[in-house]
Every structure is written in C-alpha cells, then in structure tokens.
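Asker: I have a structure I would like to understand better, so I am pasting it below and will then ask my questions one at a time.
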Amino acid sequence: MANLDSTTTASAGTAVTAEERRQRVKKSLGARHRKERLFHGLGITAVVLALGFVGILFYDVLQRGLPAFQQAQVTVDVYFDPEIIELGERPVQAAGQSPADYRAALNAWLRDAALANWNLVLETSIRNIVPEFQGSAREIAAIIDSSQRFVIRDAFTNDPSLLGQTREFALLASANADNWLKGTIDRSLPDARQQLSADARALADDLLERGEIRFAFASHLFTNVDSRSAPASAGLAGAFMGSLYMMLIVIVLAVPIGVASAVYLEEFAPKNRLTDVIEITINNLAAVPSIVFGLLGAAVFINYFRLPLSAPLVGGLVLTLMTLPTIIIATRSSLRAVPPSLRQAALGLGASRTQMVFHHVLPITYPGILTAAIIGVAQALGETAPLLLIGMNAFVANIPSSPMDQASALPVQIYLWQGNENRNFFEARTSAAIIVLLGLMLSLNAIAIFLRSRLEKRK
Amino acid sequence: MNTLIITALILAFLGIAYQTGSSRSRALAGTSGRRLHSRPSYHGSAIAIWTLVPLLLVLGAWALLDSYVIRTFITWYLPESLVAEGGNALRASIARVEALATGYGVVGEVQEFERTAAQAVGRFQTTAFLIVVAAATTLAALGLFYARKRITPQFRARNEVEGAVRLLLLACSVVAILTTFGIVASLLTEAMRFFSFVNPLDFFFGTVWNPRFSTTGAGGGGEYGLIPLLWGTIQITIIAILTAVPIGLMAAVYLSQYAKPRVRSVVKPLIEVLAGIPTIVYGFFALVTVGPFLASFGDAIGVDIRATSALTAGIVMGVMIIPFISSLSDDIIRQVPTAMRDGSLGLGATKSETIRRVILPAALPGIVGAILLAVSRAIGETMIVVLAAGNSPVLRFNPFEPTSTITVSIVNQLTGDSDFAGPQSLVAFALGLTLFVLTLVLNVGALYIVRRFREQYD
C-alpha cells in the first residue's frame, strides 16, 4: 500500500493537480494489480496443496493396498490317502459311555489326526498336478502358506468320510509366492537374495500358467486373525472385534455421561466455583495429548485397579475419558442452538425445568447429539498411542470373545503390520488395513455430515 | 451366577418399587378425593430411587472392597514367614489360593495350608456373598417401606425425582474433574517415584538420553537427560509449523475472502478430511512415501537427507495440522467486522491490500492463538514421530538426521511393561508430566489470547 500512501500524501500537498494524481495512480496500478493476482494465486496454491495432500495420501494408500485384497490361491484336488492318514473311525459316543470318556477318546483321535503327515498329503496332491516337477518337498511347502495344512486337517476332522476321497481346495499361496507372482519383489535379484529357491519360483510360475493358481478376493483378510507363522493367512478379524468392543464401551459410557454433563452445564448449572472449575477442566481435557490418557490408563486401570493388560475393557475406558470432552463440547453447542423461545414457552405452560429440558429441548437436539457421538466414536476408532501403553500391541491369535480378553485394535494392527520383517508382503497388507480403517472412518463421518445437514435444514 | 442373581435382585426391586409407588398414589388419588401434587409415575420413580440407592450403595461398596478383603482373609491362613516376607512370593501364593478356591486347580503340588486356606476362602466367599445380598435386600426393603409411607397427596414426588436427576447430571459432569485429577495424581506420584531414583536436575538439564534397559529392575543405571528429547520435539514442531502456517493461513484467506460459496462448501470439508485421518495412517504415509521421496530428492540436489528424519516427521505433521490452522483462522477472519473491510475497499485498496493491511492485522491475535493450539497438538502428537522420526535421541541440530521426541520415548519406555519398579518405566511418567505441563501452558495461553481478542469486536 506504499503506493496508496504516496498518493494520499501527494494529494495533501498543494502543488499536485488532479491530472498528475490520476497519472500517478495509473502508473502504480499495474504493479498493484500484479500483486493482487499474485496473492490470489498464492491462495489458490495453498488450497491446491492442501487438497493435493489429501489426494496423494488416498491415492498412495489405495494404490499400495488394493493388491492385498487379491491373494494367490492354489486350486488343488486333495486326495485323502488312507496310507498317509492312518486313522481309525472318529469315535462316536456309545450308549452308556460317560461324557468324560467320550471326550478323552475324541481327544486321542484328534491328536492322532494332528500327528498325521498333512504336509505329505499336500505335497502328493501338488505333484499330481505337475507330475514332471522334480524338486524337493521343501520347495512345494514353500509356495503354500503353512497354515493350509490345518485347513485340510480341519476339513478332515469335521468330515472323516473324506478318507480315501478327493476334494478340491483353494489353498492360500505363501506370502513369498504371492509376492513373486504379483511382482512386488524384484524378479531380477540374484538367487541368494530371493526368498524362494529357483525351483519353487519356477513351480509357482508354472502353476500360474496352468491356471491352477488364480488371484481371488482375499476374504480371509476379514475372517482370520493375525498370524506370525503363516503370514498369508493373517487377517483383521481379531483387531476388528477388539475395536468393536472398545467402540461399544465408548458408546455405552461416553455418550450418556457426555450428554448428561453437557445438559447439566448448559441447562442447570448455577454460576459458581464448581461449575467454573468443571468448564475449565473440560476445555483443558480436550487439549490433553492422547498419550497422556494412555499413561493414566497404565497407572490407574492397570497398575492400581489390576485390570487385565491388552483388554478392550481398559482400552475402551481410556478412549471414553478421551472422547468425553469432544462429546460434551459438541452437545453443548447443539443445545445452545435451540431457540430460547422454546424453553420459555415450555416454562410458561407450567413445565418444570427438568420437564422442559427432557421433554422439549433434548428431543430437538437428538441429531446434533448423534453427530457429536459419531464424531467422538470416529476419533476414538483411529486412536493408537494410548492403546500402546496399555499393552494392546501384544500379539493375539484369538478372536476375543469378551471385552476382558486380550485383543488388538485396527490402528494397532496397522502399527504391528508395518513393523513386520516381511516388508514386501506386509506393506500391501498394512495399506489394506488402512483402507479398511479409512473406509470405516469416512463412512462414520459421512453419516455425521448427513445428520448435520438434516439438522440445519429443520431449523 | 452371582452377576445373574444381583441383576435379578435389582430388576425385581425396581419393578416392585415402581409398581408400589404408582398404584398406591393412584389409590390415594381415588379415595382421598384430593388432587395429588405429582403424577403417579413420579411417585413410582421416587420410591424406586429410595429403594435402589441403598441397594446399589451396598453392592458397589462390596465390589470395591471384595478383592481386598479376600486377600487379607487369605493371609491369615498362610505361614507367618511368607506373610512377613511379602513381595512377589506372597502375591503368588495368594493367587494360587484364589485359583484353588475357584476350583480350577493350580500347577504343581498343593500344599496343606493352601488347601485349608482355599476351603476357608470358599466358605468365606459364600457367606460374605449371602451377607451382602441380605444386607442389600434389607436396606432396599427399608427404603421401600419408608418411601411408601411418605406418599400423601401433598408429597412433592416430582421435585424429589428431579432433584435426584439433577444430582446424577452433576455427577456426570464431575467425571471430567475426576479424570483431570486422575491424570495429575498418577503422573505426579509415579514421577515422584522416578525422581527418587534420578535427580530432577539430571533429568531436566541432562543432555544424554540413554535409559539402558536392565533386567535387574530397581536401580539399573542409565542416563535420563530430557534436553535431547525436548530439542527433538521442538525441532519437529518448528518444521510442522513452518509447513502448516503458510498453507493453512493462505487457504483460510482464500476460502473466506476469494472463494465463491459453492467452492467453499466443497473445499472446506475436503480439507477437514485431513483432520479426521488417524495419525497412524500419517505415520505410515510418512514412512513409506514421504521419507523415501525426500531422501531421493536430497540425492538429486546433493544434500544428505535420511528417509526417517525430523524433516519427514515435521512435514507430515504439518500436513496434519493444516486443517486446525485453516478452520480456526477462517473463523477468526470472518469475525473481523465487514465495516473495516468495506472501508478499506471503499478507499480504493485492492482486495489483497485490504487483507494484508487491514484484515490480517486485526485478526492477528486470534491467529496467534490458533497457531499456539496447533503447536500444542504437534508437541503431543505420537504416532507420526514414532514411525517417521527415526528414534535417535541424540542432541543434533541437523533436521535431515533422525531424532526422537518426548512422546516417542514415552511409548518406548512403557510399551508392554506394566511393572513400574525401575526408573526405566517410571521415566515415562516424568516425561508425561513434562508433556502435560507444556501443552497445558500453551493451551491456556492460546485460549487467553483468543478470548481477549474476541471481546474487542463483540
């Protein structure tokens, strides 16, 4: 605005004519307009950069993660060879046999079934497809995920009549074979640096060419739990259940408590010391770093109350305390948006304050409260750091059946997978898990936005 | 089993009490010929409250005391030498007896005193449960009869119920205070225990961070200097702010002053998507995409940039806080009175001149407040730095090198460790306390600035 200043000071002087002034303004005008365009351009650049980050992040995650939803599967006709599986009939509970005896007999039978050489069953089945393959059993085992022998065993123990018969199975290829076939590993690396031996690689290529290996949707990603020994079969089910339990706890605890305190502070609270302190602490709590809540959980819930480590119960409690301020603040603002005339009308007709709040004010704010709850839950769903401090990053190989069981959570599973040594395979896995998490978060947010827009229209 | 009995008990009393209250008040209204002060449902609720509160108080007290009482009871049966010794052996032995009492059995041979203790505990638990249930039932019944006697046409049942509701609401809002108290108390007590191992001066002014994990638990040497972590935190925060402020501020200016309403309504929520992305996702993105990109970019221009470095973590964290800066600044810019803006435009200033010379200076305190809030976010952020900063707690001034922060060290010291015996895990609480105080000061400062600024134009 230096130019503006000079024109104004010039006009204050006496010797400048109007014509001269116009000339001066005109002369500086070009430069000022250039600056204006530059500034405008900078604004657009900033917006484009910000949106560009969103775009690049989503594109990057999608492009890395989508391949992991496809998994190489070997279609094999498995022959349950009675010569390899030397097993008698599955015991049946005889009349008069006590349940304990039956259990013992069944367990013995199951133990024998577990001891059968399932690797050999798999190996012969594969050799039947490629009779000319001369490589060792190890190479065949290397391209099939090590969990798959249990798949066959379980199929057999559930249906012992399979003995001597043939049934088709779609078995998961091992992580290394999957990498090799997808090209996520550099194919030109020398033998010494490849995960699979040359024979195994050739076998995998051969099977793919014959159409015995196909890429199918990796549904086990959603139905299996995490696995260390058999990476290809690792899935999100355990973490998903852990997250679900925690969200349930957050919904059951944080939403009612949050709404109740918002109602108290907004509608009933007298202006005194106590309510001032409550207000200030809620605002401060909203800004406390999440990891501090993790420290609170570790010290109070785990060390003092001796609640179990790695349990969704503790995680849920920590996340509840963390999301409370969010829910309180959002609920208060939607309570504040209710027109005072409504309150006065209710009071004027003889309703008590409590009746006014619970019968008239609160029902109007339901969409707003729901929005607040969803935002709070979405925030809790994505939180990782406090969960690490209460041990939810422990490896858990079961789907938790109650909130007291050990479990993981979706974001923690992402953290665990990104640290896995099998980089080539788990980078895609991690991105796939991120896609699932982002999908959940975005749908939650979409619901919140939809509710908010409906609320705004009604007003 | 016990849970089932207790639930049934509560539900039964709830039903009986409510039914008694409402039917009695109805009958009264019919016979006395007077109008009752409250409607029957309020009478029912009032009795229900009088019945359930004593019931729940007794059960709650038992739930809190239960395990403590049983443990004390067990120690009576254990050999005196074991009790006198205390520590892990005693704890293990109590756990064995408890396991025996539940009927699951334990590993190893069961000793005679353990068996007798377990049997005694089994009997004690049953008796105690019966006593508690009996006490709770008696109190609940007393409450029921007392409240039933109070039902008269004049009885203000509604006011009583509403008072109870209000108390409940107040109790809910006190949770925030309790949480803050819990945070402060746990951080302080554990940090105090840490400072009994390590001199506070060595902690706050030490320049070496090397918490040597030792298996011996207590004692265990190691150097706990905060300065390298503090510096790492500050370094990453500076980079994040340098990334976020120009972009966030310009985006806010553009969206509030230049953009058409339709553009704004699309772009604003899109930018806010950045705030909703979990930080673990940012961390992964920094680790696998931004880091390698920066490293190869550094190669291209001849600078040695490590893939996991303060720069990587800082830039990605900056992206994360863009929406905080942009939406807070947007709000503040919109609060500048239009008269000021129109006046400037009317004098012939261009739009950008108005923004730079009139609007931004007027909004400055608010923007500073917004930046302070963003700084406190950056200081407390964990997952991005855990993944992308390289975890190298050494005092270094080159932002292209790996570094470590307070939050990273908290995670490293406490992950999977629940035994707060040695300074190795306790130091996490001292670090947490530092972090808590830092962010608290920043937030209070930011709120103070924002609030003072707002009053100017109201």
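Placed from the backbone N, Cα and C atoms, the Cβ positions cover glycine too.
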Asker: Select from A:1-21, A:127-147, A:148-168 the stretch of residues annotated by TrEMBL as region 'Disordered'.
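Answerer: Of the candidate stretches, TrEMBL labels A:1-21 as region 'Disordered'.
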Asker: Among A:311-335, A:386-410, find the range that TrEMBL records as transmembrane segment.
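Answerer: Within the set A:311-335, A:386-410, TrEMBL attaches transmembrane segment to A:311-335.
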Asker: Given a Cβ distance threshold of under 8 angstroms, which distant residues of the chain, six or more beyond its ends, lie next to the transmembrane segment (A:38-59)?
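Answerer: Residues packing against the transmembrane segment (A:38-59) from afar: 438.
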Asker: Using a cut-off of under 8 Å between C-beta atoms, tell me which stretch among A:285-305, A:311-335, A:356-381, A:432-451 contacts the transmembrane segment (A:244-265) the most.
Answerer: A:311-335
Asker: Within the same chain, where does the transmembrane segment (A:356-381) have neighbours whose Cβ lies under 8 angstroms from its own Cβ atoms, ignoring anything closer than 6 residues to its ends? I mean 6 or more beyond.
Answerer: 243, 246-247, 250-251, 254-255, 258-259, 263, 267-268, 319-320, 322-323, 326-327, 330-331, 333-335, 337-338, 342-343, 346-347, 410-411, 437, 440-441, 444-445, 447-448, 451-452, 454-455, 458
